[in-house]
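Engineer: I'd like to ask you about the structure that follows.
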Amino acid sequence: MTSPNPPSSGKPLKLRINRDSEGYLSLVTDTGEVYRCPICGNDKFIYNYERGEVVCIVCGAVVQEQLLDLGPEWRAFTSEERGQRARTGAPLTRLISEALTTVIDWRDKDVSGKELDIKRKLEVIRLRKWQTRARVQTSYERNFIQAAQELERLRSSMGIPRPCIEQALEIYRQALEKELVRGRSVEAMAAAALYMACRMMKMPRPLDELVRYTKASRREVARCYRLLLRELNVKVPISDPTLYISRIAEQLKLSGEVVKTAIDILQKAKKAGITAGKDPAGLAAAAVYIASLMHGDNRTQKDFAVAAGVTEVTVRNRYKELAKALNIKVPVK
């Protein structure tokens, strides 16, 4: 009687396990041949979870033992059911795919914000270097991971949505592939990529606000932003001042009526042609300031300037321009 399986070379067969829609197992060898029970020739098996054994459904012969079933515990009969029941898949975000973890902060301060002494500071610098070296090998990977860590820090500090960080990482990757980062600081280029990403996602943040949370200067970030615009051929939409209103109102806890009035003011200003060439954050702050005065909320211009990330002078100038062009009569506090 001939064996139903390929001749053995003395080594245990390596079998690939497939599961059909009825829950039965079929075994396939490395050469692609269907494995059959050596006793009865059957090609369907079941898995004994208690013993870790693959057993023939006809004669009960154990064909594989001490085996871990790495497949799912659920059954599915269609591809749609498999997709619904599967609990694994590709990384949900680029940050996860890059295996980002916590990092040692660059500010050299303890948990209470106190400056570290010189001995401890030198130790932290050394640990920070080794942490970076241990995680990646090539200079490309090290640079990208540093940028990803910087963007994650900015996201945590500024409360920026993850989609913006994802977009910023993609922009930075393109800049890295074109060698635009060479000779420039990672912090400045990452901040510029984030500024661009926020505008592309229609969730803009003022450049001055972004600069407050990074080590790079405003001039460096602005220069890197212009470089990205020029070299990557990215079309960045002109920032709509109304996109800044909800965030300003949220920070100052303003009512929905104030928000509605501020949006109406900006729409009228846009029709009048007085918004072109103006800082959108400053226009939004001035519009919200006017709207709050109209609704009896007499806060200072400084409050709105801080919330919008602009100066008091900007709010004052935009306020005067809007009030004059739209003939709005409100008292100035």
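If you go along the chain as it appears here, the first residue is 1 and each next one adds 1.
Cβ atoms are placed via backbone N, Cα and C, with glycine included.
According to Swiss-Prot, the zinc finger annotation covers 33-64. Residues annotated as Zn(2+) binding site in Swiss-Prot: Cys37, Cys40, Cys56, Cys59. According to Swiss-Prot, the repeat '1' annotation covers 149-232. Among the features that Swiss-Prot reports, repeat '2' is placed at 243-324.
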Engineer: Beyond the listed site residues Cys37, Cys40, Cys56, Cys59, identify every same-chain residue whose Cβ lies within 8 Å of the center of their Cβ atoms for the Zn(2+) site.
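Structural biologist: Apart from Cys37, Cys40, Cys56, Cys59, the close residues are Pro38, Ile39, Gly41, Asn42, Ile57, Val58, Gly60, Ala61.
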Engineer: If you count Cβ atoms within 10 Å of each one, which of the binding-site residues Cys37, Cys40 comes out on top?
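Structural biologist: The most densely surrounded of these binding-site residues is Cys37.
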Engineer: Note the mean pLDDT of the repeat '2' (243-324), expressed as a whole number.
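Structural biologist: Here the predicted model's pLDDT, averaged over the repeat '2' (243-324), is 89.
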Engineer: Other Cβ atoms within 10 Å is the metric here; tell me which of the binding-site residues Cys56, Cys59 scores highest.
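Structural biologist: Answer returned by the neighbour count: Cys56.
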Engineer: Let's see if you can do this one: DSSP helix, strand and coil counts over the repeat '1' (149-232), in that order.
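Structural biologist: Secondary-structure composition of the repeat '1' (149-232): 61 helix, 0 strand, 23 coil.
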Engineer: Could you count the residues of the repeat '2' (243-324) that DSSP puts in helix, in strand and in coil?
Structural biologist: 63 helix, 0 strand, 19 coil
